[in-house]
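Per TrEMBL, the features are:
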type	residues	note
REGION	352-383	region 'Disordered'
TRANSMEM	46-67	transmembrane segment
TRANSMEM	88-110	transmembrane segment
TRANSMEM	116-135	transmembrane segment
TRANSMEM	144-162	transmembrane segment
TRANSMEM	182-199	transmembrane segment
TRANSMEM	211-235	transmembrane segment
TRANSMEM	247-266	transmembrane segment
TRANSMEM	278-298	transmembrane segment
TRANSMEM	304-326	transmembrane segment
Amino acid sequence: MAAPAPGGPGAAASAALDELSRNLTYGALGAGNGSLSGAWYRRNQIHLFGVLLAILGNLVISISLNIQKYSHLQLAHQEHPRPYFKSVLWWGGIILMAVGETGNFAAYGFAPITLIAPLGCMSVTGSAIISVMFLKENLRASDLLGMTLAFAGTYLLVNFAPNITQDISARTVQYYFVGWQFMTYGILEILIFCILLYFHKRKGIKHIAILLTLVALLASLTVISVKAVSGMITFSVTDKMQLTYPIFYIMCIIMIASCVFQVKLLNQATKLYSTATVVPVNHTFFTISAIIAGIIFYQEFLGAAFLTIFIYLFGCFLSFLGVVLVTRNREKEHLPQSYIDFGHVPGKQMLDKIQPDSNGLSYGTLPDGSDSTKSPSGEKKEV
């Protein structure tokens, strides 16, 4: 077979394949594989650094969310509350949020998507622990069980995630980007996204599954682009400059655009449904979408044993279940009263509850001094 002509398209493809063969390795099954042994540590040091960054980033995000929540509670108890964006405490939470997200971003440059994405459960469980310690919220039996399952799932994820190691260069990203696997996946994702968006926008269907599936489809592009950008920055620092390639800026645009539309759709979901419903469903959909993206685009399970994949998926299931248990019914403990109820005030007996007047300038309407209320027809009813 003749060698490809120098400088032709065949030479470029051959060079990309040669680079992939040098950068892409998968730990062979052996005594240390699937066990936290010395050999496992030596083989996965760079992955463990990424895991540490992701866990610390998610814990910092948990702290920031609770700081923001605490600042809102403080402002709510003030007689003349200031806008929340004028609170120093709230801005401290925002800064910590940025630090945590930076840690998550950097983690994708050191470890596979299939290892980093499921670690988002640490943010949910960490937030539950911090809220119990500092916001004096109740610690329920379901919280303890959920945290235990999430930690067990995280252990299995870290231990049995793919051992794949690859340096993400611009040439590697270009090779994956134009591969038939991603092209097929991208076409299917665009079709599904357009169909769901049609039902959401044109038919007015606001079901949580549709909204969060749209978020998850965008999230798959986000994690692909985040890993590409983070990986190319890491490669530029450790080896050769990659930031001069057009693919770097293409991935930056995809990352920013997909994040913006994700936030917009997620805000719609949180307006229509409680946080206790949105958080576990979004975590599950996001993680599944990220895993599929890592498998298809970066081929992260290439060469993995069936038992390793099974235990990894079981770890994902445990983390999903843990998040559901931690968030279940949590908001119901803090639901505010939606009306002023005089029925339980001693000495008062009211037939109607005082509801806010949506057409008036004031919040609600109090009865006048004649101990009577108006019926919907306008007639007064004596109490």
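Numbers run from 1 along the shown chain.
From the backbone N, Cα and C atoms, a Cβ is placed for every residue, glycine too.
Across 116-135, 144-162, 247-266, stretch 144-162 shows the highest tally of CB pairs under 8 A with the transmembrane segment (304-326). If you look at the transmembrane segment (278-298), the same-chain residues 6 or more away from its ends with a CB under 8 A from one of its CBs are 112-114, 117-118, 120-121, 124, 164, 166, 176, 181-182, 185, 208-209, 212-213, 215-217, 219-221, 223-224, 227, 266, 269-270, 316, 319-320, 323-324, 327-328. Two recorded stretches are said to be in contact when at least 3 C-beta pairs lie under 8 angstroms, sequence spacing 6 or more; the transmembrane segment (46-67) and the transmembrane segment (116-135) meet this definition.
Here the transmembrane segment (88-110) does not lie next to the transmembrane segment (182-199) in space: the count of CB pairs under 8 Å, restricted to residues six or more apart, is fewer than 3.
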